[in-house]
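*Asks:* Supplied in structure tokens, the structure appears directly below.
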Protein chains: 2
Amino acid sequence: MTPQRQLVIDAVRDLGHATPEQICAQVQSAAPAVNITTVYRTLDLLERLGMVRHTHLGHGAPTYSEQEHQHVHLVCHNCGTVMEAPTDLMDGLAERLRRESGFELDVTHVALSGRCADCPDETQIDPEETR
Amino acid sequence: MTPQRQLVIDAVRDLGHATPEQICAQVQSAAPAVNITTVYRTLDLLERLGMVRHTHLGHGAPTYSEQEHQHVHLVCHNCGTVMEAPTDLMDGLAERLRRESGFELDVTHVALSGRCADCPDETQIDPEETR
DNA sequence: TTACCTGCAAAAGTTTTGCGCCTCA
DNA sequence: TGAGGCGCAAAACTTTTGCAGGTAA
């Protein structure tokens, strides 16, 4: 366990869910010399060790969070806000998938996409925002 | 409506859900001179017109499909198989989210991740496969 | 002409790889 | 000495942008 790795773990914990680049910025605020390569390598290692996990928020960038930090992500593809919801929200769906398709759902790995309560109701959701 | 655009539409329809690169390969099998830039630009245009939509299957690459081609995608992050399920599977969840959080779910935009019936039960899902 | 579409080339952004150096046991 | 971790540079890959030429109304 090197200082760099500890910093990456701390950053993941502090930021909740963040992209490798955000994590790198956070780490560099404490230790400016740390290279982004190290961040990528460390995240890869930590993930293999099961200490962190990554989630796809929809627009390209994977975000990393603690393994324990489990909830469903709701991403508004109008304003980009990421909300969190309890995982038991998915219980019914998970059960149905298991029974009907034999599919074992991993509720935390992907974010659900849609429009949050604060965003205006638009007939056509702008595809630009959902990248 | 140019020949290139028609080819892109055909490719999207034929492939079901495919990445820009796969679509480009398909188009080029009919017209080798077509540039991938054109594919990107055309997909962007078609999406703005509401003729195609894209879905995030989890591992970085967005996939494009016909607008009418609506279902929930189930991605196995062990073998990578993409399964399709009827959207009404999500009705209960969508209703609950709307009521409890005011969140308007877009059921087709993201894929659900997990392990399909054909893949062996592993305690730890290999993070490598879930990129 | 005017507007738009295309192909090519280059740029930009993100992630991975190679390599030499350093540290620590 | 040997293994592993780090930083730097470069490569690889995906997507976007700028530009010049071509086509059609």
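For all residues, glycine too, the Cβ spot is worked out from N, Cα and C.
TrEMBL feature annotations, pasted as is:
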type	residues	note
BINDING	A:Cys76, A:Cys79, A:Cys116, A:Cys119	Zn(2+) binding site
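Distances, neighbours, how buried they are, the whole picture for these features please.
*Replies:* Of all the Cβ atoms in the protein chains shown, 19 others lie within 10 Å of the Cβ of A:Cys116 (Zn(2+) binding site).
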*Asks:* Tell me, if you would, which residue among A:Cys76, A:Cys79, A:Cys119 (binding-site residues) has the fewest other CB atoms within 10 Å in the structure shown?
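*Replies:* The binding-site residues A:Cys76, A:Cys79, A:Cys119 were compared, and A:Cys79 has the fewest Cβ atoms within 10 Å.
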*Asks:* Near the Zn(2+) site, what residues other than A:Cys76, A:Cys79, A:Cys116, A:Cys119 in the same chain have a C-beta no further than 8 Å from the centroid of the listed C-beta atoms?
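*Replies:* The answer, listed by sequence position, is A:His77, A:Asn78, A:Gly80, A:Thr81, A:Arg115, A:Ala117, A:Asp118.
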